[in-house]
Amino acid sequence: MAEASGALYAAREKIHPKAVRGRFRRWKDAIGWTLAAVFFIVPWLRWDRPGDLPDQAVLLDIANKRGFLFDMNIWPQDIVYMAVALVLGTVALFMTASVAGRVWCGFSCPQTVFTDIFVRIEKMWEGDRAARMKMDAAPWSTRKLLRRGGKHMTWIAVAAAFGATFSFYFTDAPAALMDYLTLDAGLWMWTTVLILGGTTYLLAGFAREQFCNYMCPWPRLQSCMLDEHSLVVTYRDDRGDARAAKRKSQTWEERRAAGFGDCVSCQQCVQVCPMGIDIREGVNADCINCGLCIDACDTMMDKVGLDRGLIAFDSLANARARRVGRAEPSRIVRPRTIAFAAVIGVICVGVLGTFLMRSDLEVALIQERSPLYVRLSDGSIRNAYDLKILNKREQDRRFALEVAGNPSARIETLDASGEGEGVELAVEGGRHVSRKVFVTVPGPDADVSDMTLVMRDTATGAEVRRDVVFALPR
């Protein structure tokens, strides 16, 4: 048996990304801090609602089976819209990847946002890349213990705040905060903080790029979305190679005459990369398109007096064209992106149309199966039904019930009965009610083929109809 040539798994080398300034760093900060601020602030927004409804602008009230999104009420029957929203987000993510690779991962992914926050906290306590590496190698001391302890305590505080804020979306935020501060929170609230806070602490503090490389499926899926015209972070090897450090006494003309390119092997692009990759080795599946290596390279090019763009967002088609001396303009608008945009447009129009036209009343008429029918003493036949009504409006409403299709049919409830105009039911605003309804016909020979239950709003005259399945003795 041949001896193994090496280990199957390589031990993780801890990555200490160096701080960098530049336009992509500014975009990354602006997007990340905005998303974090929105997440932490939204549960505290108030919204005036009638009656005893909660005044929290965004709330998912699991206990009462209702959701509130500013002026919209979300009911369990609206779950289809949430599912479609997820599909829409997925297609939008596919389109984004097709246009510009993994920019979602580099700028907007929660893992990226919280990792950036944790790295900033780490820098605050331990310094930049060189200082952190020096501290890692140093023996334990009081200074190291205090700084490491302060870092981890700050990490835990941020992670716990994330878990607590997540729970605020499911209950009244001010009351929940007081429950946490007085240690009076319920089990589900502490469990939320423990699970979400714990995973945030571990993933953003320790796993970091390991989560992206091994746990997240998106890096594998992106290969299906990219093509030769997708914009990805690219090193211009036609300009930069061969790579070597530049001597101060050497002019750029002498350097190029010796066969060297513009890359001075400063390693800045590697040191600032949160994934720890060397983009000069070619397009890498682990690259999250954050653009920090572009900022680092542009800064170095400014220092040595060369044009920026040695590392830039570029397409493989353009890079290939440059090698043969011709220009290949970026094609953002192409069949793939047009198809994604069309799908997004169709979904948006369809969802918006159906959402705006959704009914403010849900009615279900369920026939009782045991017994299917009852023969009364006068020979008439009666069927029983469960009538379930959900009034999605916040105003109380009254409905008149009648049976259409058979003038001799009689409709009754447990507390009212009538013929012709039927009976009336009152339903409070935002409430779900269930009523037992009885429909009676004169005898087994009655025509029940076209019977319909009609519910008419007594204030507006709007009607809802449900077919009546009536069982007769054979």
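Placement of Cβ uses the backbone N, Cα and C atoms for every residue, glycine included.
Looking only at the domain '4Fe-4S ferredoxin-type' (254-282), the predicted model's pLDDT averages out at 90. The domain '4Fe-4S ferredoxin-type' annotation in TrEMBL covers 254-282.
Positions annotated as transmembrane segment by TrEMBL: 30-47 (among others).
Annotation comment: TrEMBL describes 79-100 (among others) as transmembrane segment.
Sequence-distant contacts of the transmembrane segment (153-171) (same chain, six or more residues past either end, CB-CB distance under 8 Å): 39-40, 42-44, 58-62, 114, 117-118, 121, 124-125, 177, 180, 188-189, 192-198, 200-201, 204-205. For 153-171 (among others), the entry in TrEMBL reads transmembrane segment.
What TrEMBL lists as transmembrane segment is 187-207 (among others).
Residues annotated as transmembrane segment in TrEMBL: 338-357 (among others).
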Reduced to three DSSP states, the domain '4Fe-4S ferredoxin-type' (254-282) has 11 helix, 0 strand, 18 coil
Ranked by Cβ pairs within a distance under 8 Å of the transmembrane segment (338-357), the first of 30-47, 79-100, 187-207 is 79-100
Residues outside the transmembrane segment (187-207) whose C-beta sits under 8 Å from one of its C-beta atoms, at least 6 past its ends, are 111, 114-115, 117-118, 152, 155-156, 158-160, 162-164, 166-167, 171, 176, 179-180, 215
